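Listed in TrEMBL for this protein:
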SITE      13  site 'Important for substrate specificity'
ACT_SITE  72  active site, proton acceptor
SITE      73  site 'Important for substrate specificity'
SITE      156  site 'Important for substrate specificity'
Ligand SMILES: Cc1cn([C@H]2C[C@H](O)[C@@H](COP(=O)(O)OP(=O)(O)OP(=O)(O)O)O2)c(=O)[nH]c1=O
């Protein structure tokens, strides 16, 4: 027997987004890879590499998936890759940078089928934030929702009120572009 559908992610948001498609993973495995960007690496190349490396790292531990899916979400301001904001100071720095500006949220998805074939898609969504006052920034940092998030915010929470414009995939910003995910899973033979 094989491992069934393997979700190579520790993110509860990715599990919830898959549930929106009616898909429940048979196995959850957290990818452990080095997420440091290479010197001069551009956002699209970086996020694509991250999703592929997550898929490959987990595939090595789940030798017989019927289908395996991994993803990576990265916030970019121009050519600059924003960090996953692991401290309140980093959340504040990200918000200062994003205030009143457009940025792009890239989510790359990598799917491996039963034969070991890799299929990939990249979703890019342009998001504009309103100009944030010092008080708005401080309140958002204090609420803690930005911690651990790429770019220091989560669009599915309070930061939704900062978004004055969005073009692309809302689910992609949260962590999995569902239009692309559905196409990849179907092409990979998931019923
Ligand atoms: C921009 C943005 C990011 N995020 C989240 C999605 C991702 O979980 C996280 C980006 O980090 P990722 O490295 O893509 O994912 P992860 O470390 O949480 O999970 P795993 O590698 O195990 O799959 O930021 C939101 O939830 N909302 C948003 O609006």
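Using the three backbone atoms N, Cα and C, a Cβ is placed for every residue, glycine included.
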Least surrounded among the recorded sites, given as 73, 156, when other CB atoms within 10 Å are counted: 156
Of the recorded positions listed as 13, 72, 73, the one whose CA lies nearest the CA of residue 156 (site 'Important for substrate specificity'): 13
For residue 13 (site 'Important for substrate specificity'), the three-state class that DSSP assigns: helix
Length of the line joining the Cα atoms of residue 73 (site 'Important for substrate specificity') and residue 13 (site 'Important for substrate specificity'), in Å: 12
Among 13, 72, the most crowded of the recorded positions [Cβ within 10 Å]: 72
Residue 13 (site 'Important for substrate specificity') and residue 72 (active site, proton acceptor), distance between Cα atoms, whole Å: 12
